[in-house]
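Over in TrEMBL, the protein carries these features:
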TRANSMEM  7-27  transmembrane segment
TRANSMEM  47-65  transmembrane segment
TRANSMEM  72-92  transmembrane segment
TRANSMEM  98-118  transmembrane segment
TRANSMEM  139-158  transmembrane segment
TRANSMEM  164-183  transmembrane segment
REGION    200-220  region 'Disordered'
TRANSMEM  248-272  transmembrane segment
TRANSMEM  284-304  transmembrane segment
TRANSMEM  316-340  transmembrane segment
TRANSMEM  346-365  transmembrane segment
TRANSMEM  372-394  transmembrane segment
TRANSMEM  400-424  transmembrane segment
Amino acid sequence: MRRPYPTSILCIYGFFSTIKPMEPFLVPYLTGPDKNLTAQQVNNEIFPVWTYSFLAVQVPVFLLTDWLRYKPIVILQCMALFITMATIRWVTNVPGMQVSQFFFGVATASDLGYYSYIYSMVDLNKYRKATSYIRSVQLLGYSVGSVLGQLLFSLELLSYNDALVFTLILIAIALLVSFFLPMPQRSMFFHRKRKLTGDFQGEERSEESEEAGVKTEDHQELAEAQTCGKVLLQMIRDFRECFASKQLLYWSLWWVMASCGFNQTVNFIQVLWEHVQPSQNSSIYNGGVEAICVAGTASVYGIGYREERWEQWGELALAGFSGLCSVALFVMTFSSNIWISYASYIVFKCLYMVLMTIAMFHIATELTMERYALVFGANTFGALVLQTILTSIVVDSGGLALGIIPQFIVYASYFSLITAVFLLRGLYTIRREKKNSQLPLPSVKNEPQVCAEHKF
């Protein structure tokens, strides 16, 4: 049996590394008297760097995470977060803020190490429970950070600069905790398990074997190092086999398209709120809104466990909910009332998380852990490619450099396009199912009837 403390240490790390009181108030801080940057500089010159950085480092980090066996990437994530916050605190010009966004892209890409680490440290039958722990703790950290920021700034207990120093202290604690994580001996691709005996022993193990503990397991398994070329060839084969399934392909297509639009919306929503109601003239409640979104996000994770006929109705559900996301975006774009904008954002974010939860669980049930990690990485990379194209054309100062209102009109229209694509696909699927159900069954003579299980 493996020791439980790696999960506990990782949970402590996840909690402290995600408490960021300043995050919901970053745009008011950058455009306020502390930094004196314009909304145009933040929108068109600084924030796009995060997208480019994330895309540039995502594939190398994906491979290094597995090759280095997770822990070094967890430490790298915390160091990148520390550099991000320190740069935001003490740098006042646009190039310096662009550097902070580069390191934030590295930290975001390194989040894979946080979720993958636990795979190599717990038994497979306990992986889902451990994953729920580390995800819940991370959501708790985001919620605490948002509420804490709202209280600190609404009650004027700390200035923005002091809150950044406080955040650096929390990240430093997380960095210290990360060094206590045990180094894994295996990974999904480069350091796979190899059985030393010919007999496979599953979860049903005798009591004598359980008493033997780690010794028995060490005699049965070794981490077998794989060459880079061998791993890449296996990934290519797995990739082709995974996406040979049309169901997985269409769900992944929605994942890629919707994640692109969602990330763009979340990245620039504070700029929109600043346009609707400048923080210098009135109180803002960005932290409270984000905390409500986190609570709504946490409440939808059970949806993925529901047994529904997603094969037939899933694409129409994707179209319907994507349409509601589009409506919410149009409302927050054209509303001059900050409360309506806040409410529309909450609806948008919760709807997206409902759909993403359904998509993730639907895809995960069809794949092994290794193949799910591969599909997850491929979908994330695809979303980043789309997001980079959208950013370079719509947002970047070298492209159209649209203002925040035209920019959000594009995002709302983008979700309308997603709605149209999956509505047509869903109607086609239902029509095909009805047509197939009306076909006469071939007659079989002189053969006994056999009950067969229909698999979707």
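The backbone N, Cα and C atoms fix where each Cβ goes, glycine too.
Fewer than three CB pairs closer than 8 A are found between the transmembrane segment (248-272) and the transmembrane segment (72-92), and contact between the two stretches is not assigned (pairs 6 or more residues apart). Sequence-remote contacts of a segment are chain residues at least 6 beyond its ends whose Cβ falls under 8 Å from one of its Cβ atoms, and for the transmembrane segment (164-183) they are 3, 6, 9-10, 12-13, 16-17, 19-22, 69, 71, 74-75, 78-79, 81-82, 85-86, 88-89, 117, 121, 158.
Beyond its flanks by at least six residues, the transmembrane segment (72-92) meets 10, 13, 17, 20, 22, 26, 29-30, 35-36, 61, 64-65, 99-101, 103-104, 106-107, 110-114, 117, 161, 164-165, 167-168, 171-172, 174-175, 178-179, 181 of its own chain at Cβ-Cβ distances under 8 Å.
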